[in-house]
Amino acid sequence: MEIENIVANTVYIKARESGGQKKGKSKKWKNYLQFPHYTECIPQKKENGEPYAFVVEKQPIGKLLFHEFCQATNPQYHQCCQFQTKVEEYETSDDDGQSRRDLASAIVALLSSKNDQDLSSSIDEEVWCAFLSDEVISTCISTADSATHDSEPRSDIFSEPYRLTREYLKQKPFAEFIQTMYFHRFLQWKWLEKRPVDKHTFRLYRVLGKGGFGEVCACQVRASGKMYALKKLEKKRVKKRHAETLSLNEKQILQKVNSPFVVSLAYAYETKDALCLVLTLMNGGDLKFHLYNLMPGGFDEKRVQFYAAEITLGLQHLHLEHILYRDLKPENILLDDFGHVRISDLGLAVELKDNEPIKGRVGTVGYMAPEIVKNERYTYGVDWWGVGCLIYEMIEGKAPFRQRKEKVKREEVERRVREDQEKYSEKFSEAARTLCRGLLHKEPGFRLGCRRVGKPEDGAEEIRAHPFFNTADTATGREPVPWKKMEAGKVTPPFCPDPRAVYAKDVLDIEQFSTVKGVRLDATDTQFYGKFNTGCVSIPWQSEMIETECFAELNTFYEEDGSLVWNLRPDGINMEERRNGTSKPGFFSRLFRKKNIEVTKSLHDLSRLGVDQQQPSTSAKPAAVRSSRAASASGRTSMI
């Protein structure tokens with residue numbers, strides 16, 4: 001291995017290991033995240049509005065601050081939040097047995113407090129769940145009591161009281177919240193979120209690969225230490241290929257999607273030469289690398305089932321946003337540090353207006369659906385065809401219509417896609433075979449994911465119901481997929497990447513882009529860059545602040561003496577101005593003050609030697625002047 005690659009990998013791995021920890025942050029990280037006075041953030045309130053669903057349910061920091069407000073101000077509100085948290089934990093519990101039964105018992109105890117006089121008196125003679133009817137509580141308790149004896153308790157038994165608790169919290173408690181310092185602090189975080197982003201926000205590390213318009217490298221946020229992947233789109237290369245609309249489309253779709261199974265966009269900014277997308281860093285490599293370099297011959301069905309389930313969830317989240325992916329293949333499925341997978345590279349994705357079918361020959365040869373190859377109109381079914389190709393390849397170790405590195409013309413591959421029936425070996429179980437056949441049906445109307453579907457975007461439900469995902473198979477080790485837990489990221493992956501490995505080509509093996517000649521950027525391009533350069537993306541940025549403990553460390557409300565911090569006090573601006581007026585002098589102020597003291601001291605020394613300052617001798621004044629000049633000269637030397 002070349003020395004350049006060893007150094008690049010060592011530095012990158014060291015940064016990766018420190019990512020999110022204090023040693024990964026800049027020494028000046030708190031300066032990057034200084035809160036302004038809350039009055040400067042009032043425009044954020046007008047811009048974002050005040051709906052409960054936005055502030056508490058969609059904004060991670062908003063939810064934490066609302067819960068903090070409830071805990072600090074009202075026991076009833078706090079109990080409501082605790083109830084919601086326990087129900088959410090119950091519904092996504094890792095264990096369908098004893099752990100879930102224990103949680104159900106704890107939730108029942110909370111609901112039973114309506115008849116508990118001791119608890120009632122501790123909350124101003126009103127129990128926390130007084131807004132729930134006796135019928136709702138008794139029905140829920142009865143169902144939960146029976147569930148505590150079930151081997152696998154139902155996950156939805158608390159859905160009705162949960163819904164009613166939400167309705168309660170969004171009324172009076174939330175109205176009180178937006179009048180407090182906790183909401184002002186939320187606005188301060190939103191203000192920080194809106195600040196401009198540039199190249200100085202990040203440290204850059206080794207190149208990981210190439211995109212269509214530039215390099216992809218690892219980067220680290222200076223303020224938080226969190227690691228990301230930086231995808232560069234060279235401005236001149238984008239313009240030369242007339243790809244402005246394509247680039248902006250990818251950025252806007254990434255910004256719109258918030259799914260744990262699709263790479264997230266955290267920042268978008270520009271430099272002099274490039275448009276930059278800062279994305280989720282996936283350290284585990286792509287499925288193509290694992291399939292052909294580490295596991296030639298294919299994966300076992302248990303591993304295939306896990307990857308296929310997470311990919312299905314990722315496509316479901318895209319389809320619910322009316323986004324068609326159109327480029328499913330092994331190299332576009334990336335593994336994270338723990339072995340979970342995400343869909344990447346949304347350059348060919350498109351938003352379907354009113355779910356209307358579209359037309360266009362895009363994709364990768366061998367993975368494009370027959371209707372794309374035949375240049376017909378298509379909809380979400382082409383993505384389910386891609387899932388079929390991917391599952392087949394993961395099991396068989398090769399694509400269904402083309403051998404790896406096979407020398408074959410594009411026309412021949414497209415003929416196979418249109419006409420040939422894929423062949424199945426003994427590697428496929430019966431469930432895997434029927435799943436692939438259903439997904440690889442030539443006619444979209446008969447394809448799995450496109451049949452018996454009320455809405456076109458609901459095809460994932462049909463696939464999730466297939467026996468491959470919902471039945472156990474002792475021969476392959478396959479078990480039913482716990483979809484709720486999988487969506488919460490609580491299912492342990494069957495494979496975990498080595499944290500000390502770099503799943504990327506050597507630095508010197510990644511080809512560099514040639515210089516683009518004959519392209520000049522003008523004012524029209526600047527207008528386009530303004531649409532692209534939008535800075536932080538809200539939810540990923542807030543999650544970053546929480547994960548790296550920046551939120552916990554900065555979210556203080558009181559000084560050591562118990563007084564409110566200046567940026568939350570109504571007179572805080574005046575306080576800060578007064579503080580700055582009497583603050584520690586700057587360098588030059590301290591320097592000249594020191595020299596003045598030296599001059600005064602020299603005069604005092606002369607006085608001690610018997611020099612009459614009332615009637616100075618001819619030598620006294622020159623001595624003082626010489627001392628002053630020496631001080632000035634010394635000052636000039638110090639400044640240089």
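In case you wondered, yes, glycine gets a Cβ from its N, Cα and C as well.
Here the structure is a predicted model, which means the values were calculated and not measured.
Swiss-Prot assigns the feature region 'Disordered' to residues 610-640, out of the candidate ranges 455-485, 579-609, 610-640. Summary of the site annotation: Swiss-Prot records ATP binding at Leu208, Gly209, Lys210, Gly211, Gly212, Phe213, Gly214, Glu215, Val216. Screening the candidates Lys190, Lys194, Lys231 against this entry identifies Lys231 as the one listed for that site. Geometry remark: Gly214 (ATP binding site) versus Asp327 (active site, proton acceptor), CA distance 19 Å. One residue stands out among the binding-site residues Leu208, Val216 for having the most other Cβ atoms within 10 Å of its Cβ: Leu208.
Counting other Cβ atoms within 10 Å of each Cβ, the lowest count among the binding-site residues Gly212, Gly214 belongs to Gly212. In three-state terms derived from DSSP, Lys210 (ATP binding site) belongs to an extended strand segment.
Distances between the Cα of Asp327 (active site, proton acceptor) and those of the binding-site residues Leu208, Gly212, Val216 are shortest for Gly212. The Cβ centroid of Leu208, Gly209, Lys210, Gly211, Gly212, Phe213, Gly214, Glu215, Val216, Lys231 marks the ATP site; residues of that chain outside this set whose Cβ lies within 8 Å of it are Lys232, given in sequence order.
According to DSSP, Val216 (ATP binding site) sits within a strand segment. Residues in the domain 'AGC-kinase C-terminal' (479-544) partition by DSSP class (helix H, G, I; strand E, B; coil) as 25 helix, 2 strand, 39 coil. Residues of the domain 'RGS' (52-187) grouped by DSSP class, helix first, strand second and coil last, total 100 helix, 0 strand, 36 coil.
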